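The domain 'Acyl-CoA dehydrogenase/oxidase N-terminal' annotation in TrEMBL covers A:40-157. Residues or ranges marked as domain 'Acyl-CoA oxidase/dehydrogenase middle' in TrEMBL: A:162-263. Positions annotated as domain 'Acyl-CoA dehydrogenase/oxidase C-terminal' by TrEMBL: A:284-450. What TrEMBL records for A:467-593 is domain 'Acetyl-CoA dehydrogenase-like C-terminal'.
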């Protein structure tokens, strides 16, 4: 099993041609994101991922994290790897320069997030959550809070966690019961138990800043009565030094199917009545603050889906080149053929490759939209970009994490019997990937977000804009001719079906409360796959243009066209066929009584 | 987590209406398979599965099997459970009565195999392999071999294994190197190492009969030079008592993603030059003998896919009824709704249910075809039934095991965060299921078997017969009218597309050696899903007829119609859409050079 190798060329191609890095580097605050700087950053990140993180992936899985007396021990090598991560400045490369961040666009940062997670998903979860906390404190913190916490979080000297879930409050966050009572000094006293807290405790950073959702006295029921609190593991003195240990602790860790290295903690706050927290944002507006954090985290988790698929793909290709079985047509007689030459194996590899390239387009574009939403030249541009970013987020999270599982499973299959043996390593990706469709909002929740919120966002403008973009690709492919003609027709069929499904949802959701939820999951799949095809179509057009302009890297550029053709011909048709399932309504879903379902 | 509960009513419905039990019980040798006998057998089997096997499933997974000094220890409870299994007469219920078997049709036996595997897949693998050996010795053994081994194997006092794989010979069985040298007494001396040997050693049965593929001196290369040998763990004296320990041993066990309880052994034969084996069938005809065993095992493994999906479904329904989150439309205000009332959760459960019912139809029908192939009234009927059984086998193995993984993954998703925690138990199904698309011929091999052998079998008669059956269902659904009309149209679209794909394969495979392998995997999916829809359509027609005849079990019968509608509307369309992918040819598969794939 070789170590992970960052696909720098593919990443750069997507940054240039889909995220439009050149235009990002013209935005206020991103001027230094010049081509050679980005190249250097990606190259260095690739080295760190391959050399420092990837070698710990399997040993971390086997060893796992453990808790004793409330103190979590991470696997061997974790503390040093984290120190190297902080030292390299990787933790804050997209954070604002005023907090000592790198000030790079999110699109570029996401390429590094992809690398950390391909190399070692169990490790990379820790900085992923810190990232969400940074964004939340930037958006909602007071000046004092920002001064107190941001530089340390940006550097990574302090890590952060996200505390939503309680045993009775999972997807239904509004059901949480943790409490916050005001103290005389203006701070709050937090009490309650939280579950599924990723990196709830560890010794890699000198402090951990927990962001905790809780209810204040007399708060309204449901999500409208939730407030967000900053709850440091060690209280922070006014001079920035660490004070006393706060009254919170890790009670236990979960035994999980995968990501064994990542400690998933049950956290208890205020067992001794003295857990100090500080309100972040306004009282009862915790959900809004949490959504800042969650949107960032959702895109991050989508990136994890892409990342695990990429890692699994690399290993599958390597195995398929080494392993010899049988004899493929046209290969030398009398010797066994490397299985990469068998059509069915090649189908699996191309399926992974095409999906990975489509996911990367979607994820980096989503990041670029966020960059434009925050740094765009004017209010209109920023609003438009934010609408698109918000529309794409459930697609990134839902589709890329479903595919993460599916592609990891396919990589196991490429390995045959060896795929089921833990030693091979590919099984870890299959186990690790399974959390991705669940956490940061299950993919069912993502689908509901898409049909329930995103279709109507900004009066439907982002959806209209996406359709306009897709139709432009259909047209450009048709105009390009040759092998692009078939792609144009295939994409057009998909866009037309998606439009019909969308119109059906707009038409039926207002009258039938079950209509949109019933079709939400296949609709997300259909939407995301069609967007993926559109972006690969755009990639193919760019590659063709470069070839026409005499670019020398012909094999690479031609491969971009092949991947697009494969995606349109092999993957897109089943998504297009979801029109019927999306628009069937809830009738057959509920036609069998629940009693009989379990009979 | 409740124990498994056998879905007796569903099983019986499929046996009656799809496998046509009434007609099976009219065949020579199956006269005693009367309705009340079958009911009693299924009911007792259900009790044993629930009470004896299911409670050991999770503990067996946690404890696993272990090897020390060549002796394998199975998890606590395994030895007693196996003794109970033997005592109950479950091991040989479909074996001929002359060997003390139950003489029941395979279709009925498969219902019990489903139960054992739903209850405890890691346990049930052991008798699954014994079953294959029984069939192989019946088909190819000498009278002496049959007398010596069959009664003990049928009772289960002795277990059996299947030894094909060597490290360089997986899918490519012909590459194996194990040797057999003739001895003076007419027996053979076996030497070589085999890997992935399920239940290669254990102490549950007093003897283990290994069936081992090896090469005799001067044998031709490849699969035409392979012979099959009976290699007992303890040699068997002429009076049937056990003699000395044979020269074979378990070297080690694999660490696997799942089925931890099932010992997957590396077996070494003849380390001391004295491993005694007996030729089974003719020299160099081992592949034919092994195929007898494999075809049985492939249908058994397909049944495992169905079984794990059923178990995962039961647990998902139970969880969805208990777990409350959020508020579904139309449910009581001010309280949380059991998630089973959320449309998206219901979609996941119905997807599992519909796929499970379709798989059960396919598997039991496949079993019934085997019964008619062996007990049919005349040569023509037997040949026709065997053709259908052989056509269905790769569909049963390939489709049902892919779905086993997919449905187990869906059951994890229904559980949300709890699904990722080992304690919940559903994660075990996700881990266990992953071996099913791999062993007994990877699903890629199944797809190649379908396009390469089964399409042309008997001059294409079985395929023609299946199309005729499907078109009859299309017609009958149309004639039935009402909600059956839409089903008829949906099924007709699918059958028409499948016909087109089939014709394309018939037309292109002879000229392009890559054409059929390139489309094989989506073709298998398309074929099996269409057959599944056809069988559910037939179920719906039968249910409707019974309702029209005044049957009283109206809710149950109506649910059969709903499931068929759901399958046709929600699951079938994406299979129909595989026409394009199947008929695209190998062009894009091989258009990117292997070097660039790993760049």
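Every residue, even glycine, has its Cβ placed from backbone N, Cα and C.
Just so you know, TrEMBL annotations are computer predictions that nobody has curated.
Keep in mind that what you see is a predicted model, and the values were worked out from it rather than measured.
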- Item | Mean predicted confidence [pLDDT] for the domain 'Acyl-CoA dehydrogenase/oxidase C-terminal' (A:284-450) | 96
- Mind tallying the domain 'Acyl-CoA oxidase/dehydrogenase middle' (A:162-263) by DSSP state, helix then strand then coil? 7 helix, 48 strand, 47 coil
- Go ahead and report the DSSP secondary structure tallies for the domain 'Acetyl-CoA dehydrogenase-like C-terminal' (A:467-593): helix first, then strand, then coil. 105 helix, 0 strand, 22 coil
- Message: Going by DSSP assignments with H, G and I as helix and E and B as strand, what are the residue counts for the domain 'Acyl-CoA dehydrogenase/oxidase N-terminal' (A:40-157)?
- Response: 84 helix, 6 strand, 28 coil
